[in-house]
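Asks: Sharing the features that TrEMBL gives for it:
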COMPBIAS  762-773  compositional bias 'Low complexity'
COMPBIAS  774-783  compositional bias 'Polar residues'
DOMAIN    2-69  domain 'CDCP1 first CUB'
DOMAIN    78-181  domain 'CDCP1 second and fifth CUB'
DOMAIN    187-290  domain 'CDCP1 third and sixth CUB'
DOMAIN    314-402  domain 'CDCP1 fourth CUB'
DOMAIN    413-492  domain 'CDCP1 second and fifth CUB'
DOMAIN    513-624  domain 'CDCP1 third and sixth CUB'
REGION    733-811  region 'Disordered'
TRANSMEM  636-659  transmembrane segment
Amino acid sequence: SFTISLHKADNTTVMIKLKPGLSSSCRIHMKNVIRSELKIKPGENVTFAFTCSTPEKYFIMEIQKNIDCVSGPCPFGDVHLYPLGLPRLNRTYIWDVKASTKAGLELKFSTSWLRQIEPGETCPDSVSYNISSCIDKAMVNIGTFCRNGSVSRIKLLGGVVMSLHLPWHLPLTTSGFNIANRASIKRLCIIESILKGESSITLMSPNYPLGFPEDELMTWQFVIPSNMRASVFFHNYSLSNCERKEERVEYYIPGSPSNPEVFKLSDSQPANIAGSFNMSLQGCDQDAQNPGILRLLFQVVVQHPQVDENVTHLVDLSKEKNMTVTIHLEGWPSHIPLMSEPMCLICKDPRTCDRVLTLTSGAVYRISFLCKDLSRLRITAEKGIGCMDIRWCQRKIYSLSVPKAITRLPIRLHKFIWKLLATDLINVEITSPSLKLQQHVPEQRCNTSYSYSIVSATPETELNVGVFCPGGSIEKIQMRNNITISLKTFGKGFINESIPQDLKMSFVPHIKDECTFTVSPNPKAEVYLQTPNWPYGLPPYVSISWFIVVPSKRTAHLGFSKDRMGIACETGRAYVNIKEEALGAEEIVRREDELLPQPRNMHHNFWVNVSNCKPVHKTQLTLQFRVTFADKQIDLGIILGVVAGAGVLTAIGLTVYCVKKKKKKTQNPMVGVYNANVNTQMPGKKGLFGKGRQNNESHVYAVIDDAVVYGHLLKESNGSVAPEVDVYRPFDGPIGSLPPSPPPFSFRKDIKCSSNTEEEPPTLTDTDQDTYTFAHQKSGQSEDNGDANKKDKGDTSVPLLGNKEQDGLVE
């Protein structure tokens with residue numbers, strides 16, 4: 001059992017009751033009476049017991065003592081915990097002290113002092129203090145505090161209600177504070193905080209977060225060693241709606257030429273303050289209909305002076321446009337450093353410092369750092385370039401390089417972002433003439449100190465073009481829509497490696513595909529390329545093109561990394577188109593339900609186009625291909641054919657010369673004479689066409705401007721082959737830098753032609769830009785025929801026509 005005796009003069013009341021919202025079979029037993037709560041008044045002596053062995057699970061206790069400092073003497077000195085011998089329950093001591101508004105009360109805390117916490121936060125040892133003040137019969141919550149902090153004293157206007165919450169298992173015997181004296185303060189309260197060394201504290205305005213009382217004034221006094229530096233940071237605040245006066249913060253800083261220094265809550269607060277200072281918060285007369293809320297949560301950081309705090313760095317952004325430079329801690333903004341972590345501050349003047357500093361273009365800054373370790377700091381910059389009228393910006397070339405004002409700072413650049421904005425009919429072209437770009441792919445990873453991430457975005461679709469680094473084969477990228485290019489650094493080598501940056505940008509008229517790459521490899525390169533948005537796949541209905549430049553005297557070997565596209569279309573069809581830039585070159589087309597082309601050799605510059613449909617499943621279209629190069633192989637048969645053709649043409653020339661002597665006597669009409677057994681190609685460096693022929697016995701004809709019959713040549717075939725005559729039709733289709741167009745849905749697959757059949761040639765489609773020619777190919781003859789018929793400047797040989805099947809162009 002327990003016995004509690006209360007002296008009447010102590011004016012103390014004890015209340016034992018069940019925890020809120022809890023019902024239990026455990027009760028209080030007193031004089032044959034069972035009850036769920038017990039109230040013991042001043043002057044009473046009560047003995048009781050609990051009906052269970054663990055009453056701390058069910059009951060709480062409040063001990064309230066009323067102190068009158070108005071009509072009687074105020075009990076200055078330590079406040080003791082009374083009465084003794086209380087049951088081991090969670091208990092709250094409440095001291096309600098009445099005082100005159102003309103004489104404030106000062107509460108002084110023991111050596112451990114107090115630390116203010118936010119509403120809802122708990123103290124590690126479960127011991128907490130709550131301090132409230134009475135103003136015109138209204139209660140103002142000054143704050144909730146834990147032990148072990150920096151708050152040493154609090155002066156309050158008028159009365160005070162002090163609460164101490166103790167857990168049942170902690171045998172605390174002292175309250176930890178005393179009533180020091182009475183003094184008129186003429187403001188709501190004064191909170192004194194003593195910071196002895198490097199530290200950080202967080203404080204809040206009274207009634208936080210509900211709102212600071214209307215038209216009130218309060219002060220925080222910070223006691224700081226003279227050899228230390230303090231900085232103030234506002235982390236959360238809001239303003240009320242003022243009818244009169246203005247909400248503000250005032251600082252009294254010893255030695256300042258303009259005390260008090262007045263700041264708005266939205267301003268950057270003073271930093272690098274030497275020694276002790278005061279800070280006051282002043283409210284205003286609020287709008288009665290819509291008062292709003294004035295509240296403030298802030299942090300004070302105390303540090304040793306930095307060795308290089310007087311070292312300034314010039315950042316000249318006066319000639320830049322539409323650019324911001326942000327200096328911040330590593331990991332910002334996703335990682336916000338804890339308030340207890342050592343501060344790393346950036347200052348744009350000796351008293352304006354913050355963890356994050358943003359500089360804007362058009363100005364010159366002199367910044368300094370209050371930071372022991374500058375390696376923790378990073379720079380993120382952003383620049384906007386726009387074009388609303390192609391007539392004004394088409395011929396301009398913009399350099400996408402990091403300004404020297406940034407690279408000269410002793411801080412590592414984290415990211416530089418260029419945002420390229422244009423209207424719907426204006427597109428962006430990215431070039432890297434000297435360094436060129438390499439696409440970061442699993443088989444060919446970037447190992448440089450920086451890379452570029454390129455994203456094309458519209459309100460409907462965002463296309464991640466890919467990650468690229470210098471030192472590759474991509475010379476140009478053309479993109480539609482608005483573009484974001486992000487340069488990101490890795491390691492400390494960026495400053496040295498970035499000196500020869502040559503990334504350029506210009507605005508160009510509307511392009512056909514969402515993205516077009518121009519790839520210009522060196523002859524020994526091995527190039528891996530993959531579709532954008534890797535590995536998630538191309539968005540529906542997106543078309544991408546690559547223009548591959550084949551070095552002279554080299555043959556490109558093109559191969560895909562897989563056999564099929566791996567998708568099924570719900571709407572539309574997906575296509576892969578391949579086409580060489582050569583006269584008569586035929587377009588190779590594969591749908592999503594067909595096998596991709598087998599590895600093949602390309603002798604001229606060629607296009608690769610990938611066009612997506614709307615897939616049935618979530619799996620989107622992803623393709624990767626490789627391009628390697630080898631020396632061009634000259635076939636011995638071609639050489640022999642060229643030599644033989646040269647001899648025949650020499651003989652023809654002699655015959656023509658002889659016949660000319662008879663021209664005056666005989667005038668015959670022009671005829672084309674068929675030669676079935678002789679290759680009549682003229683020798684030369686290159687032929688006319690991009691696709692040449694191997695040594696074969698194609699039907700070749702020449703138009704002679706004299707009437708002549710070559711009887712001695714026809715005799716070799718015993719007259720078994722009748723001469724075939726046709727009219728030369730020059731090529732009139734477009735050959736240029738445009739990528740191949742995806743075929744319409746009615747596209748007809750190519751028809752295989754056998755060399756031994758007499759079938760009619762297939763109907764020409766939109767992709768058949770060359771005229772047909774005559775050929776009777778022998779069985780077993782190779783279809784790949786090199787580059788022996790490509791015409792060079794100065795070649796005066798007679799144009800010869802070849803068959804597409806014979807040239808290896810018909811799939």
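If you go along the chain as it appears here, the first residue is 1 and each next one adds 1.
Including glycine, each Cβ sits where the backbone N, Cα and C put it.
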Asks: Per DSSP, what is the residue count of the domain 'CDCP1 second and fifth CUB' (413-492) in each of helix, strand and coil?
Replies: 0 helix, 52 strand, 28 coil
Asks: Which stretch, 2-69, 187-290, 413-492, tops the Cβ pairs under 8 Å count with the domain 'CDCP1 second and fifth CUB' (78-181)?
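Replies: Looking at each of 2-69, 187-290, 413-492 in turn, the most contacts to the domain 'CDCP1 second and fifth CUB' (78-181) are made by 2-69.
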Asks: So how many of the residues in the domain 'CDCP1 second and fifth CUB' (78-181) end up helix, strand or coil by DSSP?
Replies: 0 helix, 61 strand, 43 coil
Asks: If you average pLDDT over the domain 'CDCP1 second and fifth CUB' (413-492), what do you get?
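Replies: When the pLDDT values over the domain 'CDCP1 second and fifth CUB' (413-492) are averaged, the result is 88.
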